[in-house]
Amino acid sequence: MGGVPAVRSVWAILQWWGFNVTVIITNKWIFQKLHFTFPLTVSCIHFICSAMGAYIAIKLLRVKPLIEVDRRDRWRRIIPMSCVFCFNIVLGNVSLRYIPVSFMQTIKSFTPATTVILQWLVWGKYFDWRVWASLIPIVGGIVLTSVTELSFNTYGFCAALVGCLATSTKTILAESLLHGYKFDSINTVYYMAPPATLLMSVLAILVEGHGVMNWFQTHESVLSSLIIILSSGVFAFFLNFSIFYVIHSTTAVTFNVAGNLKVAVAILVSWLIFRNPVSPMNAIGCTITLLGCTLYGFVKQNLSSRPGTPRTPRTPMNRSEMLPLINDKQDKV
């Protein structure tokens, strides 16, 4: 029976990788090949599909029990988190609109550094010197990748970088705003996606409504393109479901390593499909960043498991708190 958990862990990781890569590649295909260059609208479709999927999973299929939230807490806690949640996802799609998947994924790997820096500057949290040391290859790799990126775009770079700050803010706020509620990824989407859908619908109509109407009037093969666009939303929900499955099938160390390998797989697959130019130094910078993220994960895991080590309450200390809301690192799109 010892091989059964191992097989389940491998299967969980593979389907997590599969949905993550599919969401990222599909979104990039929508922007680049279908010329549907409307990241707000794509994000809105993701929110709608995820909200519907979470409702079906909890209310109809009863995959997970619904975590009850007080009505007052919905306004005081859920709505603010939904706004940050929405902002985070949109920035990921905006960056994907302008820069290659490889560059976007590498920049998003800067999130551990922004999380630590924000907690240190704003909340005055203590971090062991080993945590700071593990950030050096992450920062160095990001700098090298940015300087040598052949398809550099300022808008995409800034969106990805601000997205890292949004992801860090989301992680930090979740610890305080959602204190007392142990949300899994499905319940998180159940509560966060509907308010985010309302907000994003208004923004998408105001900012991109005219452009979307023009696309419908001028684009060829509208029906097949719509199927691809809607499928990206379905895949986005199943990405959340796969995250829920993988954290219950792997250890924290395996989750850390698999998460960084997932980024490498996404970069490789995107390059095979889109063939964006990558210089040798750019590839080296990306590799250094991913190795740095893996080192950071190991350091955090080792420090958190040692008794008497000063903890940083708003730093994610377990796999559930490290989860993205819908598709972080586009978790991610």
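Placement of Cβ uses the backbone N, Cα and C atoms for every residue, glycine included.
In the predicted structure, the domain 'Sugar phosphate transporter' (13-296) carries a mean pLDDT of 90. What TrEMBL lists as domain 'Sugar phosphate transporter' is 13-296.
Below 8 angstroms of C-beta separation, residues 36, 42, 93, 96, 101, 105, 228-229, 231-232, 235-236, 238-239, 242-243, 245-246, 248-250, 254, 258, 261-262, 265-266, 269-270, 273-274, 327, 329-333 of the same chain, each at least six residues beyond the ends of the transmembrane segment (12-30), sit close to that stretch. Taken from TrEMBL, the feature transmembrane segment covers 12-30 (among others).
Residues 27, 30, 64-66, 86, 89-90, 93-94, 96-97, 186-187, 189-190, 193-194, 196-197, 200-201, 203-204, 207-208, 211-212, 215, 219, 225, 229-230, 232-234, 236-238, 240-241, 326-327, 333 of the same chain, all 6+ positions outside the transmembrane segment (36-58), place their C-beta atoms under 8 angstroms from a C-beta of that stretch. Annotation source TrEMBL lists transmembrane segment at 36-58 (among others).
Taken from TrEMBL, the feature transmembrane segment covers 78-96 (among others).
Nonlocal intrachain contacts for the transmembrane segment (129-148), taken as residues 6+ away from its ends with a CB within less than 8 angstroms of a stretch CB, comprise 103, 106-107, 109-110, 112-113, 116, 157, 279, 281-282, 284-293, 295-296, 298-300, 303. The transmembrane segment annotation in TrEMBL covers 129-148 (among others).
Taken from TrEMBL, the feature transmembrane segment covers 189-207 (among others).
If you look up TrEMBL, you'll see 227-247 (among others) marked as transmembrane segment.
Taken from TrEMBL, the feature transmembrane segment applies to 254-274 (among others). Note on the transmembrane segment (254-274): residues 9, 13, 16-17, 20-21, 24-25, 28-29, 32, 100-102, 105-106, 108-109, 246-247, 286, 290, 293-294, 297-298, 301, 319, 322, 329 of its chain, located 6 or more positions outside it, place their CB under 8 angstroms from a CB of the stretch.
Taken from TrEMBL, the feature transmembrane segment applies to 280-299 (among others).
With a cut-off of 8 Å between Cβ atoms, the residues of this chain six or more beyond the transmembrane segment (280-299) that come close are 102, 106, 109-110, 112, 128, 130-131, 133-150, 253, 256-257, 259-260, 263-264, 267.
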